[in-house]
Amino acid sequence: MQEGQKIVAQFKSSDGDVTGPPLNLPGDVTPEQLELLLNQLLEQSEDPLPYSFHVGEDEILKNLWIDRKDKSTEDTITIVYQPQAVFRVRAVSRCTSTLSGHTEAILSVSFSPNGAQLATGSGDATVRIWDLNTETPQHTLKGHTSWVLSIAWSPDGKTLASGSMDNTVRLWDPKTGKALGDALKGHTKWITALAWEPYHLNSKANRLASSSKDSTIRVWDTTLRKISMTISQHTAAVTCVKWGGEGLIYSASQDKTIKVWNSSGALVKTLQGHGHWVNSLALSTDFVLRTGPFDHTGKRYASEEESKAAALARYKAFKGNKPERLVSGSDDFTMFFWEPEASKKPITRMTGHQKLVNHVSFSPDGRMIASASFDNSVKLWDGMTGKFIGNLRGHVGAVYQVCWSSDSRMLISSSKDSTLKIWDIKKMKIKMDLPGHLDEVFAVDWSPGGDKVASGGKDKQLKIWRH
C-alpha cells in the first residue's frame, strides 16, 4: 500500500442502518481507530462501547488494509459494525469443590436464571439443589421413582420443574426444597424435555411445556397444577421442546419433523427436511430468554411489572428487527438452519459432522452456533447464515454438551473422555483443559454471570469450577 493512501468508507449497523456520512479514512485504519470514530458518531464518547468491524466476510482485526481481501480503493467501502459484550468473562481454571451426594450418574446440571442457585438431576431419581456461596448440598428433592432426565428453572427462578422416566413432571420450591403438590400426571411415557413460557410474555411464570416419548406435548398451568392443553400431532416420540420469544412453541420429533405451534396449541408450520430423527433444537434467543429480567449487573426490580418491562426491553434489544432463528440437530448427522416465523423452508443445511449431533447451542449474542457430536468434535457455524466456520478438535471421545460464556467469547465442552475443555473462540484453540472427573461428563453449565461452571456425569460427583 502506498504511504498516505485514503479510502472512502461508510458505517452501517448489522441491521443495515446507515450511520453518519461517508468518511475519508487512511487505508490502514485500525479497529481501535474505527471504534473511537464510531462512538463519536453515535454520540456516546462519554461512555464508549466496544464494537467489531467487518467488510463483507472479512473481520478487521489488525487494520483495514491487511484484513481486506479486495484491495480496490475506487469505490466506497461499507464497514458493518456490531456491538460486543461490554463485560468480559474470565475462563474458569480450577475445581473449587467436588460434591458427593447423588448415588447414580448426574444427567443434567443447571444454574438458576440469576445464577444464585444450582440444580442437578440424576439417575438416582432425585434432584439436588446446591448452595453456591458455601459450595455445599442444600436440598434433596425426592418424589420421582425413576431417572430424572431433565430439569428446568422457571424464568423468575421461583420454581424448579423436573421430568422423569416415571412419566411425570414435578414442581419444587427451590428455596425450601419442598415439593409443590403431587406429580403432574398425564404423559404415558417418559418426559424428554421441559420449556417454560418466556418471562416477557408471562411474568407470572406459570406455564410449562413438557415433551414425551408418548408423541405428545403437554402444556401445564403450574399455579392450578392442571393440564391446559395436549398437543398431539406428532406420529413418533417428541425429543425436544422450546418456547420461543414470540410465543411460538417448537417441537422436534423422531417422526423426522419439527412442528411450530402457537401458544394456544394450534399448528402453525411443519418444518421438513431431516432424513432421520430430530433430537436437538437451539434458538438464537435461548440465552436472553433463559435470563429474562436478570442481566450481568445483578439489578433487582421493585415490582413484577418493572421486571417484565426489563425482560421485554432486553429481548427487543437482542432481537432487533430480525426473526428468531432455529437450528435443529439430527441422527442423520446434519443440522438445519431455519427462520420459522418467516418460512417453513430451511435457510441452509449444515453438514460436516461424521456422527450423530448431540447438542446444538447459539452463543448468547446470537452470532455463532456450536454443535457437539459423537465424532469427538465441536463445530462452529455462523449464527446469521449457518455457514461453517471451523472445528474445535481436542477431545478423544464423544462430546455430549457445550455451553457458552455469557460474553460469547468462550465455549466449554463436556465429553466421554472425562474432561471439560474451554475454547477461545477468536483463536479457535483450547484455552483451558479441565481434567478431574473420573468418568464420562454428561452435563455442563456456565453460570449466566460467567463466574462459575458446574459439571456432572458418570462418576456421580458434581464439580464446581471458578477462575
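Cβ coordinates come from backbone N, Cα and C, glycine included.
Automatic prediction, not curation, is the source of TrEMBL annotations.
Among the features that TrEMBL reports, domain 'NLE' is placed at 7-64. Among the features that TrEMBL reports, repeat 'WD' is placed at 99-140, 141-182, 184-230, 231-262, 350-391, 392-433, 434-467.
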Note the mean pLDDT of the repeat 'WD' (231-262), expressed as a whole number.
97
Under 8 angstroms for C-beta pairs, at least 3 of them, ignoring pairs fewer than 6 apart in sequence. Is the repeat 'WD' (434-467) in contact with the repeat 'WD' (99-140) by that rule?
yes
In the same chain, who gets a Cβ under 8 Å from the repeat 'WD' (99-140) while lying at least 6 residues past its ends?
146-153, 155-157, 160, 162, 164, 166, 172, 174, 176-177, 290-292, 294, 298, 442-449, 451-452, 454-458, 460-464
